[in-house]
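One structure is given below, encoded as structure tokens.
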Amino acid sequence: MDQFSYRDGQLFAEQVAVADIARDHGTPAYLYSRAAFESHYQAYDEALAGRPHLVCYAVKANSNLAVLNVLARLGAGFDIVSAGELERVIRAGGDPGRVVFSGVGKQPWEMRRALEVGVRCFNVESDTELDRLNEVAGEIGVTAPVSLRVNPDVDAGTHPYISTGLKENKFGIDIADAPRVYGRAAAMPNLEVLGVDCHIGSQLTTVAPFLDAMDRVLALVDQLAEQGIHIRHLDMGGGLGVTYNQEQPPSPGDYIGAMLDRLGDRPLELWLEPGRSIAANAGIMLTRVEFLKCTEHHNFAIIDGAMNDLIRPALYSAWQAIEPVVPRTDTAERTWDLVGPVCETGDFLGKDRRLALAPGDLLAVRSAGAYGFVMSSNYNSRNRPPELMVDGDQVHVIRERETLDDQLRHEHCLPQ
Ligand code: LLP
């Protein structure tokens, strides 16, 4: 169920009128729904109920402590890509024993910390990373649990920047070379081989590429068994898409059902790393119209949210729905480009949108809960927006609006 819906002529987040939230907390602002995060996570957990599994929420999608805490309370695992994400998980009450550590560039100190707190598994992406992990584990006298991220060379058919399963990109180990690398891993004294991992891309809207990847990974599992290497879990990564516009991705239940069919009665645990499908539609970004500027070619609505707050439209030409918080009927609809105050032509949140607008109107940019705030910056010395979470009829500030002092705290002039 969508926790952002219209009632009595205005947008609500759960039980709270969004316009009231904007009045109390200002704009731009990110606003999340606790119930949405919970139900999106539970859809995964329930679909996997009959089988040993681990749902590791991809922290990079939205790493606010409150978000991680809400998921940790449900028993979620976490997929991290840095020691920073690991500390967030720990401070949010997450269980390190349910954490998988992904990423192509893990540093020795990050590995050490992850070993100290006892993460569940390292998703290793190269031969040389294996050597490093073996060495770090040896130094502190522990055994590192590993899974190799293999690159199954399937085309996820998604945006080139977020497609990761093809041979030509930096991620993973070529599946054809994997048996050799597994052989090395199994022979290393301080590593224990547990699984196979892959992540083929993000915002996938069909199950076929996942199933192709799984077929290739299962063939590898069989080949490894012949080498005497017995795999206990498959980590199929994240990547399930969401509806931004007209996309009709499979539900987590359908996507998982299809993969479970493929797995049959093989004694393998299934692990997943969903980010976007848990977070994106659990959040919106609120922004207000400052000025309307109509030129010969375009109608510009200049809003107080910008590319530094939400970079997906500028970076990936991503389309996110933009809706009025209180739809008006006293003005005609026109076609607008919604542009921010940043000094870049690429600073837009939406183009060619049919809306009835007046200065001061509040707009909700939908599907902003994933890869929204986490990708924000201080470009143009703009303070980053606050993050708010609605829980029933309560609104909680889960990250305060930045101040200029926050921004300048770490900078220093040269001495006189
Ligand atoms: N696991 C690994 C190893 C990943 O690299 C990613 C995402 C995920 C899981 C989670 O994937 P998801 O379920 O969210 O698709 N900033 C881009 C998306 C980058 C995704 C990077 N990796 C965007 O805004 O569209």
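Glycine is treated like the rest: Cβ placed from N, Cα and C.
As recorded in TrEMBL:
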type: DOMAIN; residues: 36-280; note: domain 'Orn/DAP/Arg decarboxylase 2 N-terminal'
type: MOD_RES; residues: LYS60; note: N6-(pyridoxal phosphate)lysine
type: BINDING; residues: GLY239, GLU273, PRO274, GLY275, ARG276, TYR371; note: pyridoxal 5'-phosphate binding site
type: BINDING; residues: ARG276, ARG312, TYR316, GLU344, TYR371; note: substrate binding site
type: ACT_SITE; residues: CYS343; note: active site, proton donor
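Sequence features annotated in TrEMBL and their locations in the structure.
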residue	record	CB count, 10 Å
LYS60	N6-(pyridoxal phosphate)lysine	22
GLY239	pyridoxal 5'-phosphate binding site	29
GLU273	pyridoxal 5'-phosphate binding site	26
PRO274	pyridoxal 5'-phosphate binding site	25
GLY275	pyridoxal 5'-phosphate binding site	24
ARG276	pyridoxal 5'-phosphate binding site	27
ARG312	substrate binding site	21
TYR316	substrate binding site	14
GLU344	substrate binding site	14
TYR371	pyridoxal 5'-phosphate binding site	24
In this predicted model, what is the average pLDDT of the domain 'Orn/DAP/Arg decarboxylase 2 N-terminal' (36-280)? 95
Spatial neighbour of ARG276 (pyridoxal 5'-phosphate binding site) that is closest, considering only the recorded positions LYS60, ARG312, CYS343, GLU344 and their CA atoms: LYS60
Across every protein chain in view, the count of C-beta atoms other than its own within 10 A of the C-beta of CYS343 (active site, proton donor) is 9
Could you state, as a whole number of Å, the largest distance between Cα atoms of any two of ARG276, ARG312, TYR316, GLU344, TYR371, the listed substrate binders? 27
Looking only at C-alpha atoms, tell me how far GLU344 (substrate binding site) is from TYR371 (pyridoxal 5'-phosphate binding site), rounded to the nearest Å. 21
ARG312 (substrate binding site), DSSP three-state class -> helix
Under 6 Å from ligand 1 by C-beta, which of these recorded positions make it: PRO274, ARG276, CYS343, GLU344? Sequence order, please. PRO274, ARG276
Nearest to ARG312 (substrate binding site) by Cα, among GLU273, CYS343, TYR371 (recorded positions)? TYR371
Please give the maximum pairwise Cα distance, in Å and rounded to a whole number, for the pyridoxal 5'-phosphate-binding set GLY239, GLU273, PRO274, GLY275, ARG276, TYR371. 15
Rounded Cα distance, in Å, between GLU273 (pyridoxal 5'-phosphate binding site) and the residue listed as 'N6-(pyridoxal phosphate)lysine' is 11
Distance check against LYS60 (N6-(pyridoxal phosphate)lysine) for the recorded positions GLY239, GLY275, TYR316, CYS343, keeping those with Cα within 10 Å: GLY275
In whole Å, how far is TYR316 (substrate binding site) from CYS343 (active site, proton donor) when you measure between their Cα atoms? 18
